[in-house]
Structure formats: structure tokens, C-alpha cells
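These features come from Swiss-Prot:
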- D34, A35, E36, Y37, D38, S83, L84, E114, R137, E171, K287, K311: NAD(+) binding site (BINDING)
- K116: active site, N6-AMP-lysine intermediate (ACT_SITE)
- C405, C408, C423, C428: Zn(2+) binding site (BINDING)
- 591-669: domain 'BRCT' (DOMAIN)
Amino acid sequence: MSKEIAKKRIEELRDLLNTFNYQYHVLDNPSVSDAEYDRNMQELIKLEAENPEFMSEDSPSVRVGGTVLDIFEKVTHKSPMLSLGNAFNEGDLRDFDRRVRQGIDGANVRYICELKIDGLAVSLHYEKGRFIQGATRGDGVTGEDITQNLKTIKAIPLRLNEEVTLEARGEAYMPKRSFVKLNEEKEQNGEDVFANPRNAAAGSIRQLDPKIAAKRNLSMFVYGLANVEEKTIPSHSESLDFLGELGFKTNPNRRTCETIEEVIAYVEEWQEKRPHLDYEIDGIVIKVDDVALQESLGTTAKSPRWAIAYKFPAEEVVTRLTGIELSVGRTGVVTPTAELEPVRVAGTIVRRASLHNEDLIREKDIRIGDYVVVKKAGDIIPEVVNVIFDKRTGEEEEYRMPTHCPACESELVRLEEEVALRCINPTCPAQIREGLIHFVSRNAMNIDGLGERVITQLFDADYIRTFADLYALTKEQLLQLERFGEKSATNLIQAIENSKENSLERLLFGLGIRHVGAKAARTFAEHFETMDELVKATEEELKAINEIGEKMAQSVVTYFDNEDVLELLQQFKEYGVNMTYKGIKIADLQNVESYFAGKTVVLTGKLEVMGRSEAKKKIEALGGKVTGSVSKSTDLVVAGEAAGSKLAQAEKHNVEVWNEERFLQELNK
């Protein structure tokens, strides 16, 4: 390559990488995969090494991060939040080990390996044990003050167990299950979805309204101690132990290694285990454990010499998009789905991938017949990353979203501030079917044996069109359906009959009122106690309830201001469906004989129907004690969604574990 061509390519790569950095670090909206970014960066580093006369102090290869938006107050870090150098294979790790050993002149070295959490790096400042400020990494020198949003993350202690002044650093992230649920809600509401949990975490933390961040179920692992007053800690592993003792959440999967072979074994182990975690990791961080050796090795302008990040190979594959199918959800949102030639991604065969909405198809210029890059967002949901334009033949077909609903042929609309097309026909069969599936689901009426397949059979046979129709079903009708015998038909009729006794909150959630989730349904049920009282409530009365906002209050009032809905409630009454709250109020729990009396309970994960704070109050009102960690003295662990390391601790100490459903059964006895 001539010098002229090399110079031109270096300039192209710098412009490209600066754009990628801006999109990733400033806008929190990356346009390329990590694998593509890394390929461009490695090419730039190689060209600059071969052509040192073209080296520049502002090249992306030596610069840390990007600029800061003026939305939040700026914060200057007391010590720079440096990025880490990258390793992509075993050879890179051995080169790192060789450089470290040369730099410490024969001293013994021990490494500490940690999972590289794929989230948003933040710093936390404490004065005399109190959390006073939190900031994003920003460009490594200057970040943004996001204190109020970080206070909504329960994994971040507002007061430490000691009155110590320090700065801790960590990674805020969104659990995979929370990511899936958030995107499902955004799709139902016709909003843009997040591409992956990292974007979801970053987008949530950088919201100007802390209430939005509070609803996003974020968490955080602290991975380092930047400084601490009046205390010297000789090793990184001991600093993590100290942070854990102070009340921080540290990742339990770290390991100290005496040799580079042990480091490589750890990397290989977690490359296999990675899909089983409930949070995203994109590699392994390897650090020299001894702090004195770290100081001896020092740093470059961009990264410390005593640490490196091993990047896992990108879980991306190429396949052909053969078609686009449309589905209509229970709220009327029309979602396009890519049909793919079967391909293995992250251990499973993928045949379909979400395209989310029409805007995404246009932005990525996706056409039927294209070869596309596919990955699993959050290692869970298959998504189309981009089109391989070089493989186009000219025979690909442009796709246009229909103007009418594929299920009922009603005209589709795009509501104000929504990106999704929506069918607003209340009699749309697809919406009715999806609504029925939701009505019988686990957190709603929980009718055993009545899943999507059976609902579809009943719907296609014209046996059900409304929720109330379920309670008019007969055994004779069920026996007309495929796979139903005398016993299965009898069991299902009994399960439907049993569901009539459910408490009000299950019925409310099952109705599918827009913006009302399981937790809000329970709040309404406990507050009003009967359906009749809730139906009469005004918007002002609803907004006066803690955690109920204007949008939800309006939605509830609008829902019940409908003659068809009132007719449905009357039918429920005639069929004997309970419409009163059967749960126990905190005020009624005093002096009640309870399983929880005298027991120590740990709550972990997200409780769908009842928030953890409410669950804690009720357990304590029943004479129990709620603690934050599992030990030999723990009697019970209640595990909700995205339960983490406390489950492993429960198994280690042989502690009984309940899911939320079992917990609610005991609570409501």
C-alpha cells in the first residue's frame, strides 16, 4: 500500500470511528455491531503503526470516548475513567502476560478475572458513607451528573455500612428478562424498542425524568475502588471484598489466577456459561491483582498496562431473509417479523427475527431476498442487525407495510408520537384472540390447561369471542376439539370454574387495560376492594393513589366509560366471577398466625404482582424478618424474575426457595 493510499485510508477510518464513538458514547445509539467496530479499530491501529508519520494526538486509537451532551450537569472525574486495551484470542492474552512480566522485572504476579458486564460505566461518590453524586464515564475525564437516576437503582446503597469517603466504579445494566418485558411493553404501546439490554440501560439512566429510570428494573455491579480516604488496600480482590462489606453489589463470579493458563481456562469456561446468565457480558476483564504492581506498570494515554479486556467473538451469523410476516397484538399494534432460512445463533436454530416496525425496515433498507446479519439481542431475541448490500443481485423486493389490518382489513393508523401502525377496530379477531390468551395467562386468571393452542382452537370453532364466553363453555363443546378426551375436558371445565374465585387483581390485569400491569392492578384492587368502586372512580381519585400517574388514570377511566365493558362486567357477575379483593391488607395483618412469624426471609429478583417493598412490609407485619443476604440463618428465599446469585447461595446453604406464586398463596391464606 502506497503512503498516499495509507494516509487516505487512515483518515477514512478516523472519521468512521469518530462517528461510531459519537453514536455509541454520546447518543447511546450504536449503528454497528461491536465486531464491526473492533475490525475497523484494529485496521487503524495497524496502519498507524506501519505509518507513524501520520499519527495524530486526536486519533480514535489514542483518544478516550467522546464529547458530553449539555442535557445534564458536567462532572470532572477526580481520576480518569480509562478504557481497557482489548484481547481477541489466546495469543493476545499471552502477549499481555509477557508484557506484564517484563514490566515487573520478575516479580510474582497474580491475576484477577471478572465478567465484563455489558452496560453503562458509572462512578459513585460517597462522603462519610452517604451517596452524594453519581456520574457517567463520558469522555473519561468529564461525565454527566446522573445522581437522581442512580438513586432509583436498588443495588446502589444510599448509605454504606461504614462512614467512609470513597469513589467506587461499576457497571449499570438491565437484566435480560427485564429487557424482554420492556420491549414487549414498548411494542404494545407503539413505541421504538431498544436494540439490546446495554442500550436499554443507557437510555434509562440518561432519562431526565428519574421516574422512568425507576420503572426500568436496572441493577449494578461495582467493579472497582478508584480512591478511599484513610485506608490502604493492597490488592484489587481485597478492595472488592471491602466494597461487598460496605453494602455494594459485586459480581460473585470473579476468580484469582496464578498463571495465564488459568486465565485462559476461566475465559473458556465463561464463554460456555455466558448464555445462562440473566445479564449480558461481552467478555472477561483480566487485571493484575497487586495494587503496588499496578502502580509500577502504570498507564498509557488510553488504558492501564495492568489490565486487559478479552472480547468474546460476536454471536452474529449471515442468513437469507425469505419473507416478512405480520402479527397483530392485543393492543392492535401490527408487528413485522422476518422469515429466515434456518440458521444456528448462540446455540439455537433461528427461523424468525423481529423487525419491530416499519421505520426500522426503511432505516436498514431491508428487502425480501436480502442476505442479512442476525444476532440475539441480549442473547435472547433474534434480531436483524444489518443488510449485506454487497450480496444484492437486484432481484430483491422492497417491502411496504400494508394500509389495512391483515386480520380484519380495517384501515391502519399511526397515532401521535407512535412509530407503530395500529388497528383500532375493537372487533378485530386477532386482537380478541391475543386478548383472550392474555386473560387466561399465569399472572391473570391463571387457568391451567388453557394456553395459546386451546384458545386458538376455541376461537376458530367460534365458541369464544369475549372473556365472559369462557365461563359459558361446556364439556360437550371441548370434546368436539382435537386432543380433548373426557378427562382433559372435565379438568379444563373445573379449572375455568376454579378461576371464578380469583382475587380482583387477577381479573383486572386479565382485562388488559392499557398501561395497567400486574402490580398496578393489585394496587387498584387493594385500594378500592371491589370492581364497582373502581368503576366509579374519577381520574383525580386514581391519580391520588401512590405510583399511579396521569396516563394510567386516564386509561382506566376511558376503559370503564364504555357500554360494552360494563356489559362484560355484568356477565361476569351472572356467571359468578368474583370481583372483590381477597388479599390481606397490611393493616389487617396484626396478630394473625402466620408461617412467616419468627422466620428470616430474603427477597430476590423482580416480583411481578407485588413489589418487593410491599412484600417486605407484609412479611414484617406477619412477624417475619426480611434481610438482604442469604446465610445459614435464612429460612426462606422468595425468587422473582431475574433472580441472581442469591439462588446459588440458597442452594449452598440448603435454604427453601419459593416462586412468587407460592409466596402469594401463603400470604393470602
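Just so you know, glycine gets a Cβ as well, placed from its N, Cα and C.
Features recorded in Swiss-Prot, as mapped to the structure shown.
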residue: E36; record: NAD(+) binding site; contacts (Cβ under 8 Å, 6+ apart): none
residue: D38; record: NAD(+) binding site; contacts (Cβ under 8 Å, 6+ apart): N86, F88, K311
residue: L84; record: NAD(+) binding site; contacts (Cβ under 8 Å, 6+ apart): V285, S303, P304, A307, I308, A309
residue: K116; record: active site, N6-AMP-lysine intermediate; contacts (Cβ under 8 Å, 6+ apart): I281, D282, G283, I284, V285, A309, Y310
residue: K287; record: NAD(+) binding site; contacts (Cβ under 8 Å, 6+ apart): Y111, I112, E114, H236, Q294, W306, A307
residue: C405; record: Zn(2+) binding site; contacts (Cβ under 8 Å, 6+ apart): V328, V334, E411, L412, C423, N425, C428, A430
residue: C408; record: Zn(2+) binding site; contacts (Cβ under 8 Å, 6+ apart): C423, N425, T427, C428, P429, A430
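When pLDDT values are averaged over the domain 'BRCT' (591-669), the model yields 82. Sequence-ordered, the extra residues of this chain that approach the Zn(2+) site, with Cβ no more than 8 Å from the Cβ center of C405, C408, C423, C428, are V328, G332, P406, A407, E409, S410, L412, N425, P429, A430, Q431. For the domain 'BRCT' (591-669), the DSSP counts in helix, strand and coil order read 26 helix, 18 strand, 35 coil. In terms of local Cβ density within 10 Å, C423 ranks first among the binding-site residues C423, C428. There are 24 other CB atoms within 10 A of the CB of R137 (NAD(+) binding site), with all protein chains counted.
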